[in-house]
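Quick look at what TrEMBL lists:
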DOMAIN    121-205  domain 'Ig-like'
DOMAIN    216-297  domain 'Ig-like'
DOMAIN    305-393  domain 'Ig-like'
DOMAIN    398-477  domain 'Ig-like'
DOMAIN    481-570  domain 'Ig-like'
DOMAIN    574-653  domain 'Ig-like'
DOMAIN    673-745  domain 'Ig-like'
SIGNAL    1-20  signal peptide
Amino acid sequence: MSRMKSPLMFLLILTTITFATDHVCCQSIYASENPLPVGSNVTLYSQAVVTTGVWMFETNLIVMIFPGSIIIHDTWRDRVSYNSTSSALTIKSLRLGDSGLYTLQTVNSFRGQLTLSVQVPISNVTLKARATNLVEFNDTAVLMCSVSSGSSLSYVWLKGHHEVTAGGNVQLSNGNATLTIVSVTLYDEGPFKCSVSNGVSNEISPSVYLNISYGPSNTTMIIMPMVSPYIYRTGSNIMLSCTTVSKPPAMIQWMYNGMYLNEYGSQIQLYNITESDSGSYKCVFHNTVTSRFSSVSSMLWMLDPLEVVVVNHTGGPPILHEPFTLHCEVTGTVDRIQWWRNWQLISPNDTIIFNMNNKTMTFNPVQYSDNGQYRCQAFNSVSNMTSSPYTVDVKYGPGMPTIMGPSVAKTGYSITFSCHASSNPPSHYRWYFNDYPVANTSEYVTPPLTRNMSGMYTCLAYHDITGQNKTAYTMLTVVDPIEDVQVETTMYPPKEGYPYMLTCNVTGPADYIYWMKDGMKLHKDNRTVFNMDNKTVTFNPLKRNDTGYYNCMAMNAVGNMTSPPHKLLVYFGPETPVIHMPSFAETGQFVTFTCSAMSVPPSQISWWFNGTEVANTSVFTTHCLSLNMSGEYTCMAYNNVTGKNSTSFKMLTVIEAIESVMIKNNTIPIDTESFTLTCEVVGPYDMIYWMKDDMYLNINSSDANPHMHYHIENDTLHFTPVTMYNDGSYRCVAANQAAKHKSPTYMLLVNCEYCRKQC
Ligand SMILES: *[C@@H]1O[C@H](CO)[C@@H](O)[C@H](O)[C@H]1NC(C)=O
Ligand SMILES: *[C@@H]1O[C@H](CO)[C@@H](O)[C@H](O)[C@H]1NC(C)=O
Ligand SMILES: *[C@@H]1O[C@H](CO)[C@@H](O)[C@H](O)[C@H]1NC(C)=O
Ligand SMILES: *[C@@H]1O[C@H](CO)[C@@H](O)[C@H](O)[C@H]1NC(C)=O
Ligand SMILES: *[C@@H]1O[C@H](CO)[C@@H](O)[C@H](O)[C@H]1NC(C)=O
Ligand SMILES: *[C@@H]1O[C@H](CO)[C@@H](O)[C@H](O)[C@H]1NC(C)=O
Ligand SMILES: *[C@@H]1O[C@H](CO)[C@@H](O)[C@H](O)[C@H]1NC(C)=O
Ligand SMILES: *[C@@H]1O[C@H](CO)[C@@H](O)[C@H](O)[C@H]1NC(C)=O
Ligand SMILES: *[C@@H]1O[C@H](CO)[C@@H](O)[C@H](O)[C@H]1NC(C)=O
Ligand SMILES: *[C@@H]1O[C@H](CO)[C@@H](O)[C@H](O)[C@H]1NC(C)=O
Ligand SMILES: *[C@@H]1O[C@H](CO)[C@@H](O)[C@H](O)[C@H]1NC(C)=O
Ligand SMILES: *[C@@H]1O[C@H](CO)[C@@H](O)[C@H](O)[C@H]1NC(C)=O
């Protein structure tokens, strides 16, 4: 290997080899490392085997290569070595100035190039801020990044872990080494770093914290409890709190209606508020760093709850068919009023009108149906209140009065008139008699009446609320009562066939009289005539059946009176006498005659025989009769009041008497044998009968008991035969015109051997 001796020689060689430069191009050259720091070693090599050529840096020759020898330029001799085997060029202790284009040129065949970068490593990256305490919006942040050493530097800015790029208020300058944030905001606060790098090293600065003061802003006020709008019931408690966004934290001061309060907290509490606490509440924030102020305010209204709600009427009372107004008296602020009737909400209509924001309710007109309990209910934002009931009681009247009382009355008595007119409340009353006031009550009790108190009684009903009055009247007639009534007669005696008159004697005024007989009303007929307004009754002619008890009754408007009974007994007769006496009688008897005749009063009776009075009583008993006492007996009746007499007569025939009657038997009655009874009569007789056990025996035995066999012949009774069936008591009867005479009893007991044995 030899060394290049002079530049002249080098130039000579160069001209020879540049010769072929156009022919071969662009074979690759590699570096052992690229880029690389100053002071390090590098080996540049190629795949080609170079026998003749040069290594050049930029335009400077480093080494010339010849077959079998090399020449290294003097300027590189200390730091360069060339391996002829591998054609690799090694440079030691690289310098910054070694950066540049390296070329390997072979003669006529090959040329390769490589740009080598030699850099100073970065050290001691520092970050400086012009200021770190910044005010939002006012200040610009300037951050400067620097290194003690390093080349080819590139900068990356970091805020926290995020890269900061230019744009907006962020500017990069000074080859990106300076970061400028114009007019910082609170979002720019944070730790900033710069990261510096080149091809051979990288280093991050310590961080610098930008401390940004901001606010106060976004200021709010919250009021608890939350209501909208801000209307609060007095007595309650309210909390107001304010917030703001501020750094450092803002100072707070509260204001009320433009005046500062001694309140510096973020909250104030209002206890037991009153209406005078109403107003504007404001909180004022001050950031002493930013020197900025901010405030927020709210208007609050404190309202007393309604305390008194009363219904009353305005104007007069409720009078039927007239307007009537109710008023709702409310103390305090009221927003709304409602009216209730008997707990039903009232809506206005044609006859119910609301006025003055419902403070008044007018009935135009008021009616009966408006009676009831009315309440008004008032509302404000914090309360509602309902009044006590107000009772509407519609006043009316008086209607037309009605009078109760008699139209006729007795003198001496008091009577009561009462007057009533429909009305609410009850009317007042006055009574007038012929226009003179007599009472001021609805009832008027008269003094004991006299006849001159007949006349017109007027009732006046008046109503002091409606102011109306009405009158009604009634007529009264005062009548004397009937004091005595008697039936009288002037004629005596009352005789049948003659006219007769009864008179009703009345003490007092009678409007009507009528007559009664035995409790029944007496009617007129062709014989009974009433005269003088029924004062007299005349019987023409009088008859016996007019006898009875008579009353007359007198009536007037105030009563009636009946006379005591008057007994009328009509005299009449005698009628033809009636005689009771036998037509036949036996000698030796006493016979009684009776005679009677209809007559009032009873007649005197006398008996006559053969022209001689034999008795003067109605009952006449003869002496012991003898045959010569047969004849005509006459009875005469005489009424000494009517002066009349009347007679009748009857015949009596006296016959000879039957003296005795007996039953005789001639044999003993033996069973199944014939037996005969005989009736023995002393004196004349017309006929004989037989009796058994008080019963008459028939003539014909077959009609009787079938076991009895008998026949009757003149004065004998034949049993054919006699049996025990004939046992009994027997009688015979002898009769004449005057009487029947019975024999004593004959007991028949039939003799019966056989029967007794049986017993
Ligand atoms: C460069 O090479 C020399 C000698 O060949 C050696 O002493 C030195 O350590 C090398 N430098 C580096 C950075 O490797
Ligand atoms: C030169 O290069 C060859 C092949 O790469 C190698 O074997 C040899 O050791 C090198 N010579 C020197 C002095 O480094
Ligand atoms: C880093 O740089 C600063 C100023 O730029 C200097 O004061 C300091 O000494 C340097 N430190 C080193 C190790 O170079
Ligand atoms: C912010 O800027 C405004 C004018 O733009 C100024 O009035 C105000 O004083 C500044 N605030 C601060 C804290 O510098
Ligand atoms: C600065 O950084 C941007 C990317 O953020 C990059 O596009 C630009 O090339 C850089 N400027 C310099 C001078 O390095
Ligand atoms: C403040 O209010 C604005 C507008 O309402 C909203 O966009 C913003 O996010 C709010 N800021 C904060 C910190 O709440
Ligand atoms: C609330 O205030 C009223 C007067 O405004 C007072 O009479 C009442 O006692 C107070 N109530 C309470 C609970 O303090
Ligand atoms: C109702 O009103 C009448 C007069 O119109 C008055 O005399 C009376 O006192 C009032 N009643 C009430 C409870 O206010
Ligand atoms: C008046 O009363 C009517 C019926 O109750 C109701 O609808 C209306 O809201 C009320 N008005 C006021 C101002 O109270
Ligand atoms: C008005 O309303 C009242 C009760 O609410 C009712 O008694 C009355 O008859 C109504 N009048 C009319 C004209 O509808
Ligand atoms: C009226 O007030 C009572 C409490 O005093 C309440 O219970 C009721 O709901 C209220 N009525 C209305 C309609 O607001
Ligand atoms: C009754 O009413 C009439 C008018 O209708 C009046 O002239 C008279 O005075 C009233 N009488 C009484 C007693 O009130």
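Any Cβ shown, glycine's included, is placed from N, Cα and C.
Remember, TrEMBL labels are computer predictions, not curated facts.
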What are the DSSP helix, strand and coil residue counts for the domain 'Ig-like' (121-205)?
3 helix, 44 strand, 38 coil
Can you tell me the mean pLDDT for the domain 'Ig-like' (216-297)?
96
For a three-state summary based on DSSP, what are the helix, strand and coil counts in the domain 'Ig-like' (481-570)?
3 helix, 46 strand, 41 coil
Using DSSP, how many residues of the domain 'Ig-like' (574-653) fall into helix, strand and coil, respectively?
3 helix, 44 strand, 33 coil
